[in-house]
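Database features (Swiss-Prot):
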- 1-19: signal peptide (SIGNAL)
- 23-45: region 'Disordered' (REGION)
- Cys43-Cys63: disulfide bond (DISULFID)
- Cys72-Cys106: disulfide bond (DISULFID)
- Cys81-Cys117: disulfide bond (DISULFID)
- 120-201: region 'Disordered' (REGION)
- 125-144: compositional bias 'Polar residues' (COMPBIAS)
- 175-186: compositional bias 'Low complexity' (COMPBIAS)
- Cys206-Cys214: disulfide bond (DISULFID)
Amino acid sequence: MKFVPCLLLVTLSCLGTLGQAPRQKQGSTGEEFHFQTGGRDSCTMRPSSLGQGAGEVWLRVDCRNTDQTYWCEYRGQPSMCQAFAADPKPYWNQALQELRRLHHACQGAPVLRPSVCREAGPQAHMQQVTSSLKGSPEPNQQPEAGTPSLRPKATVKLTEATQLGKDSMEELGKAKPTTRPTAKPTQPGPRPGGNEEAKKKAWEHCWKPFQALCAFLISFFRG
């Protein structure tokens, strides 16, 4: 009779052992990694498998700072690397170091290449596939095409001044030459001796205010 309770106890112990889930390796998918970037953004990195046997892994990075929160996602097949298959922890730690050196974790590293799997090929690396920071303006962005510049206006003014100068030169070239009026020959005036005589006559016979007129008339009629 004692055999039956012992058999039941052994059976229950075996069932309890089978019901326990296997312990996950440290650094495998499902674990969270907390870190801080060079710009002091607080971030969390979460790797997750797409399914058993798929071999494809998604890596989610969520960050926040005093001004904003942002995120990005990476995709790859690190299981193709033998070092990752043996122990995934060094792979994720090296990916974490790459993100930690950035000012913003989702900008500046489109591909994560952990050194333990660098020779395994591009499929074993983590490629960034989406980010909330995509399309954000860069610091040294060029001015928009609609922004007017001052140089074309100066060029237009210079061109207009040049054209006005050309038009003025053409008008001067077409202008008719001006002819100077020919001087008419002057008639010979009365002789000096006649003038003196006319003045003398006018002084003798004319009233003082009209002496000049009288002298002129006397000289004119005497020729």
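The count begins at 1 with the first shown residue.
From the backbone N, Cα and C atoms, a Cβ is placed for every residue, glycine too.
A straight line from the CA of Cys106 (disulfide bond) to the CA of Cys117 (disulfide bond) spans 21 Å. Counting every protein chain shown, the number of other Cβ atoms lying within 10 Å of the Cβ of Cys43 (disulfide bond) is 24.
In this structure, the disulfide-bonded residues Cys72, Cys106, Cys117, Cys214 were compared by how many other Cβ atoms lie within 10 Å of their Cβ, and the smallest count belongs to Cys214. Taking each of the disulfide-bonded residues Cys63, Cys81, Cys206 in turn and counting other Cβ atoms within 10 Å of its Cβ gives the largest count for Cys63. Take the Cα of Cys72 (disulfide bond) and measure to each of the disulfide-bonded residues Cys43, Cys117, Cys206: the nearest one is Cys43. Among the disulfide-bonded residues listed here, namely Cys81, Cys117, Cys206, Cys214, Cys117 has its C-alpha nearest to that of Cys43 (disulfide bond).
If you take the Cα of Cys214 (disulfide bond) and the Cα of Cys63 (disulfide bond), they are about 121 angstrom apart, rounded to a whole number.
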